[in-house]
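Novice: Pulled these features from Swiss-Prot for this protein:
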- Thr55: site 'Part of a proton relay during catalysis' (SITE)
- Thr56, Val215: pyruvate binding site (BINDING)
- Tyr118: site 'Part of a proton relay during catalysis' (SITE)
- Tyr145: active site, proton donor/acceptor (ACT_SITE)
- Lys173: active site, schiff-base intermediate with substrate (ACT_SITE)
Amino acid sequence: MIPNNTQFSNPIFGRILTAMVTPFKENGGVDYELAIKLANHLCENGSDGIVLCGTTGESPTLSWDEQHNLFVAVKSSLNSRSKVIVGTGSNCTSEAIEATKKAYEFGADGALVVVPYYNKPPQEGLYNHFSSIATAASDLPLMLYNIPGRTGCNLLPTTVNKLMNFPNILSIKAASGRIEEVTELRAACGPKLFIYSGDDSLLLPMLSVGAVGVVSVASHIVGLQLKMMIESFQKGEFSIALDIHEKLQPLFKALFETTNPIPIKAALELTGWQVGSPRNPLTPLIKEKKDNLFQIIQNLSL
């Protein structure tokens with residue numbers, strides 16, 4: 001069911017969505033039991049919802065069966081207590097359509113659909129790609145995902161504006177690393193587009209120019225602090241929000257010292273969550289960076 005997107009103060013997916021890691025066992029298989037425990041922990045500690053099988057969830061190295069089983073396990077456990085959004089993007093339009101339709105059939109609350117990567121479509125191709133997905137899964141809310149640093153392709157605000165003619169295209173994860181992206185999207189699309197920061201370090205600046213929340217990595221371990229920062233901003237308590245933002249900056253930086261999700265998996269291990277190493281070709285965090293991360297976590301009393 002597609003909601004009436006008239007209340008900018010009530011974002012469809014909430015304010016804080018955790019882009020959840022995929023836990024692996026020592027034998028390399030997905031640890032579904034631990035995934036359930038982690039998802040519940042996150043939703044009890046600041047997260048309004050979970051994003052599965054995204055960049056942080058290592059979707060490129062998960063089989064379709066693993067992705068399906070992971071979603072079913074987490075969704076069945078959380079039920080309706082929290083939103084579950086599934087990454088269904090692909091650089092093959094037919095694959096993305098099929099994955100998004102399945103997400104709807106299995107009860108997802110939304111789908112995160114990334115800009116096609118590697119083949120670098122022009123804007124017309126991006127419009128055709130997303131409009132085809134929106135038409136095929138017309139009852140499922142979609143979050144566009146613009147991350148040109150990984151895809152090699154930038155989804156322009158003018159194209160997003162055209163795509164908003166589809167009633168299930170309601171939101172975007174803005175991960176270009178540019179604060180101006182929010183301003184440009186607001187200028188092109190107006191206030192009906194729910195814009196989520198794709199970078200923890202840019203959350204507060206992006207809130208100030210119209211973003212509604214964040215698809216977060218850091219919320220794995222500082223979800224309550226992020227929630228407090230957003231609530232403080234909403235109340236006009238800007239000095240409190242800024243103080244939290246500044247205190248968390250070393251952590252935000254450390255979590256992206258190398259390729260995500262390498263650092264966050266190390267951070268989870270350091271805070272008692274044995275989520276396993278990333279799958280090849282990603283590698284565990286090197287000792288020097290892990291020691292630095294440990295010190296930051298200690299300083300934050302996590």
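Yeah, the Cβs are placed from backbone N, Cα and C, and that goes for glycine too.
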Novice: Just checking: which of Thr56, Tyr118, Lys173 have a Cα that is within 10 Å of the Cα of Tyr145 (active site, proton donor/acceptor), counting only these recorded positions?
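Specialist: So the list reads Lys173.
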Novice: Please report the distance from the Cα of Tyr118 (site 'Part of a proton relay during catalysis') to the Cα of Thr56 (pyruvate binding site), rounded to the nearest angstrom.
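Specialist: Tyr118 (site 'Part of a proton relay during catalysis') and Thr56 (pyruvate binding site) have their Cα atoms 19 Å apart.
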Novice: Among all chains shown, work out which of the recorded positions Tyr118, Tyr145 has the most CB atoms within 10 A of its CB.
Specialist: Tyr145
Novice: What whole-number Å value do you get for the CA-CA distance of Val215 (pyruvate binding site) and Lys173 (active site, schiff-base intermediate with substrate)?
Specialist: 7
Novice: In whole Å, note down how far the CA of the residue listed as 'active site, schiff-base intermediate with substrate' lies from the CA of Thr56 (pyruvate binding site).
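Specialist: Rounded to a whole number, the Cα-Cα distance is 14 Å.
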Novice: State the Cα to Cα distance, in Å, between Thr55 (site 'Part of a proton relay during catalysis') and Lys173 (active site, schiff-base intermediate with substrate), rounded to an integer.
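Specialist: Given the Cα positions, Thr55 (site 'Part of a proton relay during catalysis') is 12 Å from Lys173 (active site, schiff-base intermediate with substrate).
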Novice: Among all protein chains shown, how many Cβ atoms are found within 10 Å of the Cβ of Thr55 (site 'Part of a proton relay during catalysis'), not counting that one?
Specialist: 24
